[in-house]
Amino acid sequence: MAGYLVSDTRKVTTHRFMEMKQKGEKISMLTSYDFTTAGIVDAAGVDGILIGDSASNVMAGNTTTIPITIEQMIYHARSVTNAVKRALVVCDMPFGSYQADCSDGVRNAIRIMKESGCDALKLEGGVEILDTVRRILDAGIPVMGHLGLTPQSINKFGTYAVRAKEEQEADKLMSDAKALAEAGCFAIVLEKVPAKLAAMVTAEVPVPTIGIGAGGATDGQILVVADMLGMTKGFSPRFLRRYADLNSIMTDAIGNYVSDVKSSDFPNESESY
Ligand SMILES: Nc1nc(=O)c2c([nH]1)NC[C@@H]1CN(c3ccc(C(=O)N[C@@H](CCC(=O)O)C(=O)O)cc3)CN21
Ligand SMILES: CC(C)C(=O)C(=O)O
Ligand SMILES: [Mg+2]
């Protein structure tokens, strides 16, 4: 019941992520959006926790990450930081909070840091957002990049298909990764790109790469916690490994509760005052 045995219980830092790459120690990350889940995820030994804007899908039932607001992200992120003792906590900057202009981006980044208590922020995109990334870094806020499938741009691309299969897009991804690393990002998420390309980026950039659907050569992996626990039905991309079937476990437990209430089995005398 102890989860993965963590030998080093100190709070994980962005510097530690860099050290782990240098030592070849793989980095494990999961998302969380609430206090109760984040407490379990942290205690089980994950190195990093992302408050993903996938909360828009997983928590709120929207079909994309587009509608989630800064206020909603801060609410989720505060709930997570209230629980986490060890993992590095990274918060997604939501769509609209950094794309319009640099100053907006920096102000929103500062606000999320102040109000959520998280350790770092993640922004989607490459050279298009490089000035904003630099300014946020200048403000003393660690930034994680995110390249490949960037769900905040779904309306531009139209599909969630694998990215950077063609040479031109692969070249752009490589130069984006190098630019983000050079600007000072402490890590880069690579989402749904060919394993070969992710391996090349991982070899060429000095900062850790965290993959989701990017093969086994990245410095770390990330999954959406509700997906890997088998709570989300109807989301089955090939990169997803299900480590539990919580959907069945919850359905059975809730069905038993309903039966017990209907049959007046619950509550019994020892459960009453
Ligand atoms: N529950 C959940 N898990 C995620 O990993 C996640 C979210 N939500 N929401 C935000 C983004 C969107 N993500 C996605 C969305 C779709 C695919 C995907 O592979 N979809 C289809 C294929 C689509 C296509 O080829 O056009 C699939 O095979 O399931 C992958 C990642 C990752 N993120
Ligand atoms: C899938 C990860 C990388 C993410 O950005 C999210 O959960 O929002
Ligand atoms: Mg995200």
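The backbone N, Cα and C atoms fix where each Cβ goes, and this holds for glycine too.
Listed in TrEMBL for this protein:
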| type | residues | note |
| --- | --- | --- |
| BINDING | D53, D92, E124 | Mg(2+) binding site |
| BINDING | D53, S54, D92, K122 | 3-methyl-2-oxobutanoate binding site |
| ACT_SITE | E191 | active site, proton acceptor |
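Features as recorded by TrEMBL, highlighted on the structure.
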| residue | record | DSSP class |
| --- | --- | --- |
| D53 | Mg(2+) binding site | coil |
| D92 | Mg(2+) binding site | strand |
| K122 | 3-methyl-2-oxobutanoate binding site | strand |
| E191 | active site, proton acceptor | strand |
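Note on proximity: of the recorded positions D92, E124, E191, the one nearest S54 (3-methyl-2-oxobutanoate binding site) is D92, by Cα distance. The Cα of K122 (3-methyl-2-oxobutanoate binding site) lies closest to that of D92, out of the recorded positions D53, D92, E191.
For E124 (Mg(2+) binding site), the count of additional Cβ atoms within 10 Å of its Cβ stands at 24 [all protein chains shown]. Less than 6 Å separates the Cβ from ligand 3 in the case of D53, drawn from the recorded positions D53, E124, E191 in sequence order. Here the recorded positions are D53, D92, E191; the one with the fewest Cβ atoms within 10 Å of its Cβ is E191. Proximity to ligand 1 (Cβ under 6 Å from any of its atoms) holds for these binding-site residues out of S54, K122, E124: S54.
Spread of the 3-methyl-2-oxobutanoate binding residues is 13 Å (greatest Cα-Cα distance among D53, S54, D92, K122).
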